Amino acid sequence: MPTTRVTLASNSNQSQKTPLLIPDSASLDPNASPSCYSLVIKTAQSKLRLRKAQRVFVHGGQELTRQKDWEHLLEDDVVLLVSVGEESQVEGDKGRKIAENLRGLEGVWRTQKARETWLGHAEVTASYSAGEEWDAALGTIGAGNHFAELQVVEDSVMCKPTSATEASQHELHESDTHISASDIRAARLAVQARKVVDIYHNNVQVTTTWPPSLKPDENNGEFSSRLADLWIEAPQKYYIHRKGAAPTHDPLTYIPLSILPLPGSRATPTLILHPTFSATNAHGKTNALSLAHGAGRALSRAKAASYIAEKYAGKTEDLLRGDFVKADKRGNKLFGGDNAGGRNVHGACWVVCEEKQLVWEEAPEAYKDLWDVGEDLLKKGCAERLGWCRGRVSYKVRKE
Ligand SMILES: Nc1nc2c(ncn2[C@@H]2O[C@H](COP(=O)(O)O)[C@@H](O)[C@H]2O)c(=O)[nH]1
Ligand SMILES: [Mn+2]
């Protein structure tokens, strides 16, 4: 019987593979029975142990959904990547399309009049306008190395039940001792509820108490009394100058942030941290009410530019592709196989960056290991990890 010889691989762990001979009798119409699609799914379930196998892709991100995809892409020796639906709407080809169509984030937002109106403060009839030159940055992603990223919350969010409770205000009971599906859902909701998460950083904050007190009602009074031990009595101004760090509180209200993202690079996840305040970190004093605002550079911009330009000579354009993901600097592209959770670097971002120099300077290899940085913060009692998100489209700059 004539057959087509293909290899099936798990989309999230592509070293996990199995051969499959598809008989010509199998229909190319995915809705027929038996179809090439149903055979692929069944084989992935039994041989790759992907119980929830549901989507089939080829390298490059194109998904085989319609009969004509199967007609066009099914051939001898093709590798079919089978996923359990971990992708989001911005996965694969969609990510590429979004990246292609996304533009103007660095361009001015509305008119100066509209910006001034937005910056006005009706109650105190004051305006925070700083003049046209500066207001022009309002509503843009900013300049320099700023970026905006579309990310998805990964399914495998792990969290402590108490963190999930605080973060999401979901009705989870603090006495829960195991991580349940509802905890995971709660952590996801916490992140998703704030669909746009900005990261304050490099700011100067003025405070008159050190450390600032938290609202007693948030801590049943107990926390405030412990903080009192640390208070410096005389009210005077203290300045917290952050460079490479983000505040653990909303700088205006002093209310602790429920989540604080810790980005790694355009190809690695963003950890979702929950700042903590306990005796271990002297209620935030140890870390100056701040957390790292990113993994941070491992290579200077100059070193990264020359190293990456040489390493990927002639392939700079490929570095912008979401399907051109190289192993991280430890070589652990699929670190730990299926149990790696967010550690693998599968499925990176489609990047919009029309400045070659920046593409090289901000390559994933130029940054420290996000997981190590995150782990240090956890070990010092400065934060808990609620989960992580994965970038799908990263917008840096267009030259338009
Ligand atoms: N998710 C992404 N994270 C990135 C990217 N480029 C850099 N980074 C991380 O962000 C912090 C902050 O950047 P900085 O330039 O202001 O220091 C940095 O420490 C990196 O770890 C990216 O494209 N996507
Ligand atoms: Mn920085």
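Positions of Cβ are set from backbone N, Cα and C atoms, glycine also.
Of the candidate ranges 1-21, 169-189, 211-231, TrEMBL annotates residues 1-21 with the feature region 'Disordered'. Among the binding-site residues His146, Phe147, Ala148, the ones whose Cβ sits under 6 Å from an atom of ligand 1 are, in sequence order, Phe147. Counting every protein chain shown, the Cβ of Asn145 (GMP binding site) has 11 other Cβ atoms within 10 Å.
For Ala148 (GMP binding site), the number of other Cβ atoms no farther than 10 Å from its own Cβ, over all displayed protein chains, is 17. Sequence-ordered, the extra residues of this chain that approach the GMP site, with Cβ no more than 8 Å from the Cβ center of Asn145, His146, Phe147, Ala148, Glu149, are Ile141, Gly142, Ser394, Tyr395, Lys396.
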